[in-house]
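Each remark here refers to the structure printed beneath this line.
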Amino acid sequence: MGAYETEKPTKDAAALETQSPEDFDQPSPLRKIISVASIAAGVQFGWALQLSLLTPYVQLLGIPHKWSSLIWLCGPVSGMIVQPIVGFHSDRCRSKFGRRRPFIATGAALVAVAVFLIGYAADFGYKMGDKLEEKVKVRAIGIFALGFWILDVANNTLQGPCRAFLADLAAGDAKRTRVANAFFSFFMAVGNVLGYAAGSYTNLHKMFPFTMTKACDIYCANLKTCFFLSITLLLIVTVTSLWYVNDKQWSPPPRNADDDEKTSSVPLFGEIFGAFKVMKRPMWMLLIVTALNWIAWFPFLLFDTDWMGREVFGGDSDGNERSKKLYSLGVQSGAMGLMFNSIVLGFMSLGVEWIGRKLGGAKRLWGIVNFILAAGLAMTVLVTKFAEDHRKTAGDLAGPSASVKAGALSLFAVLGIPLAITFSTPFALASIFSSCSGAGQGLSLGVLNLAIVIPQMIVSLGGGPFDALFGGGNLPAFIVAAIAAAISGVLALTVLPSPPPDAPKATTMGGFH
């Protein structure tokens, strides 16, 4: 399909609020866009800590395995519900502080509350009656689960308005929109690197000796310390950005009495489903490609360190001491691989715009890197086979050879290339397509988020049972993920419309009819 043609929306087309014309004067200076994008570093620092430190913390609290998946499921569930709602209201917020800033500030405050509950769950549980000798600390688990859910809600409250704010600052300029999302992806990588580095340092708790208590061992103390650093970084970048970058107060466009009556009669989720009803073909294609892309990504994001511990190192979390140690070494190597992945992601994010131009556009770049993702996921089978062959000659508890370990870590690093595109291009295309169709940035990005979280829920619920059907291990899910990545690449190249070089400025629209 050729370049996406702008179609001026009609009154029946619905409708979703966007910026008024006076807010679309010129794109904001790059320094302001970078300032807002830097909030991603604070958000992602906390996410990296979750991945690197919460597993031993969960074991410390004694959360049963059958319930742990439900706790991790809260991310996509809260994303599916919270982000569209936040996007809806941020498109229509009339606060004197602007449309996006109140939500970003609220999200940052909720993150502070959440990490406090998570970090001090063991201490609060002990004060409320948990016994140190008990394996399962019920009260601490309840506090931890509450904090974990609040943290996911807070992150979704932050990220949607941040991306919508970047789209506002780009003022309908397609190139500036792509650059803004590339910087957002870059700062996500910065936050990841900082988080994984902090999580891998076992003596970080010495910065704050008070973090170690009778109920809180070294893992717990390190978690507290890391979260203190995380919230400090998040508050610094958030306060700086919200103070430095102006967010104009929004006023709804004039409507007649019939419009007001119809708008007020439509409930919130009517607006959300209405967005699907009036969505143009480019946005539908974007949702399909994005959903397939995340079916490909999420199994690896969930099981990458487990794959290192189980298939590459040959360990077992439920085996004997030597087997458990091998598994632990594999998980630590996986965390190192994630750091390499984040470093590559960061550098790739800075070059997304230039590389996209050289390859002929954003959709072509996305299609190509999806094939890189498919090849990388398929290579996990080869790395696993080499690791198994080495154990046949060196012994079951020998661990991987240096070449196998290097190959696995290289795989982590290479996958940082497609991940950088996944974190930037779909959001940039959603902003561009919504500007062309007149849809609100916040709600459009919230709808796009559904194409991300629904695949995550499917993988979270079905990944384990699917692997068990084929004898366990992580490879069955990785193979399906590779196939999904290849299909996503084909669709990105064939059915996804090319965005215009410079999208025209959005037109003001009335309420939903």
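Including glycine, each Cβ sits where the backbone N, Cα and C put it.
Fair warning: this is a prediction, and the values are worked out from it, not measured in the lab.
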Exercise. For the set Ser20, Ser28, say which residue Swiss-Prot annotates with phosphoserine.
Key: Ser20
Quiz item: Are Trp307 and Leu469, as given in Swiss-Prot, on the same side of the membrane?
Solution: yes
Exercise. For the topological domain 'Extracellular' (304-334), find every same-chain residue at least 6 residues outside the stretch whose CB is under 8 Å from a CB in it, and list them.
Key: 51, 55, 200, 380, 383-384, 387-388, 391, 396-400, 404-405, 408-409, 412, 473-475, 478
Practice problem: Sort out for me which stretch, of 140-160, 225-245, 335-355, 409-429, has the most Cβ pairs below 8 angstroms to the transmembrane segment (102-122). | Solution: 140-160
Exercise. Count up the helix, strand and coil residues in the topological domain 'Cytoplasmic' (356-365) according to DSSP, in that order.
Key: 8 helix, 0 strand, 2 coil
Quiz item: For the transmembrane segment (33-53) and the transmembrane segment (283-303), does the number of C-beta pairs under 8 Å, pairs 6 or more apart in sequence, reach 3 or more?
Solution: no
Quiz item: Thinking of Cβ pairs under 8 Å, which stretch from 140-160, 225-245, 409-429, 475-495 has the most of them with the transmembrane segment (283-303)?
Solution: 475-495
Practice problem: Work out, from DSSP, the number of helix, strand and coil residues along the topological domain 'Extracellular' (123-139). | Solution: 7 helix, 0 strand, 10 coil
Quiz item: Along the topological domain 'Extracellular' (463-474), what average pLDDT does this model show?
Solution: 70
